[in-house]
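Here the structure is laid out as structure tokens; the discussion comes afterwards.
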Amino acid sequence: MADMQNLVERLERAVGRLEAVSHTSDMHRGYGDSPSKAGAAPYVQAFDSLLAGPVAEYLKISKEIGGDVQKHAEMVHTGLKLERALLVTASQCQQPADNKLSDLLAPISEQIKEVITFREKNRGSKLFNHLSAVSESIQALGWVAMAPKPGPYVKEMNDAAMFYTNRVLKEYKDVDKKHVDWVKAYLSIWTELQAYIKEFHTTGLVWSKTGPVAKELSGLPSGPSAGSGPPPPPPGPPPPPVSTSSGSDESASRSALFAQINQGESITHALKHVSDDMKTHKNPALKAQSGPVRSGPKPFSAPKPQTSPSPKPATKKEPAVLELEGKKWRVENQENVSNLVIDDTELKQVAYIYKCVNTTLQIKGKINSITVDNCKKLGLVFDDVVGIVEIINSRDVKVQVMGKVPTISINKTDGCHAYLSKNSLDCEIVSAKSSEMNVLIPTEGGDFNEFPVPEQFKTLWNGQKLVTTVTEIAG
């Protein structure tokens, strides 16, 4: 009975796909996709079925949700259309050399970057989990360059999306079914693509054995919906007419120049002889009299390429992050922010603060541990930590505990101020390879007394072992 039910479900899915191909052609073309021609290769026709099925459903639901999700979906659709164009090209042409192949793949690569950039530019979006699911998996479009296992690569990207789609399901499961359907439609694109690859491109994109070597993408959709740019601007105005008077002057100058050249060797008769006392290298006194030499304009020369053996690449600014990933709070690449707050904390959670500059962060509640890594001018205020607060590879860091913390570890850090509360006076301060460390103890009046952590030590051999003691700097 169960087998019969499964068979019925499979038949229903097959019928639904056929209906999508036959009855949604208008909608399909409305999104800018050209329908398969009768002579198209089987794997191009199969890809069109994917576009007409799960992709069309994903676009439809994204349009219903609207906003950033709809905009993102349109970018994804453009990438899929570019991929279709590559498939058409591969079905008609032979595979080019690697350097030419990269040119064919460039439009798809650029579209992938655009999808990812859109997520980074809209971190404040209410639909950020939707954008993240797409951004983390859109690189699946790169399967065309993956050999010999493009299918597993797509599955890996699909799994990356599920981390965020699970968040969408958790948030909207009992609120809005439309978002649940969106998750199913989007993930089905990649599962269907895996099946498609397994059937037609198991070990990599299949190219034609005949025809010309591919030079450019074929089968790109036409019209404004194809994602192409605006038409080129009209040509500029023609150049102004040439002045006849200036032309005659130039002609006269040119004639005079040729007349001088035609003199041949006799032209040197007008040159003046230079005696030794007029030469600066024979008469040093001339150098002192002449003063600084003014150089005339340099003749034009084509710019020469830089010959530096190791040019430094431009520094790429990483996006700022403040999010909960599993049980880890990630606070990364924050700059010049003074009001960061994490208040939805649990005992099993940890906080990892990385590459933050001139930033203040407050962590409320009780968490397991905090790590500060590679930060500069960071101010950290926290309530309670049951494990350890670790500061490593940082400069000019100030931490203040409002409740209790058992251990503060300072490693490879220059400049650290630790403000303790009355409940954390028994805190252990463990330091290594660090300098300018101070512990501040609260007073009855509400102020703090500052005590430096020793940095200079004296070690002696007592006959049996090394004995190390703290030394004070004299003077």
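Even glycines carry a Cβ here, placed using N, Cα and C.
Residues or ranges marked as compositional bias 'Low complexity' in Swiss-Prot: 218-228 (among others).
Swiss-Prot lists 229-242 (among others) with the feature compositional bias 'Pro residues'.
Per Swiss-Prot, the feature compositional bias 'Low complexity' maps to 243-255 (among others).
Sequence annotations record features per position, and here Swiss-Prot assigns compositional bias 'Pro residues' to 300-312 (among others).
As annotated by Swiss-Prot, SUMO1 cross-link applies to Lys348, with the evidence given as similarity to another entry. In sequence order, Lys327, Asn368 constitute the residues six or more apart from Lys348 (SUMO1 cross-link) in its chain with CB-CB distances below 8 Å.
Across the domain 'C-CAP/cofactor C-like' (313-453), the prediction's mean pLDDT works out to 92. Taken from Swiss-Prot, the feature domain 'C-CAP/cofactor C-like' covers 313-453.
Annotation comment: Swiss-Prot describes Ala2 as N-acetylalanine.
The phosphotyrosine annotation in Swiss-Prot covers Tyr31.
Residues or ranges marked as phosphoserine by Swiss-Prot on the basis of similarity to another entry: Ser34 (among others).
Annotated N6-acetyllysine per Swiss-Prot: Lys81, in sequence order. Around Lys81 (N6-acetyllysine), a 10 Å sphere centred on its CB holds 24 further CB atoms from the protein chains shown.
Annotation comment: Swiss-Prot describes Lys287 as N6-methyllysine, evidence class similarity to another entry.
Taken from Swiss-Prot, the feature phosphoserine covers Ser290 (among others), and the record attributes it to similarity to another entry.
Annotation comment: Swiss-Prot describes Ser295 (among others) as phosphoserine, evidence class similarity to another entry.
Swiss-Prot lists Ser301 (among others) with the feature phosphoserine, giving similarity to another entry as the kind of evidence.
Here Swiss-Prot flags Thr307 as phosphothreonine, drawing on similarity to another entry.
Positions annotated as phosphoserine by Swiss-Prot, on the basis of similarity to another entry: Ser308 (among others).
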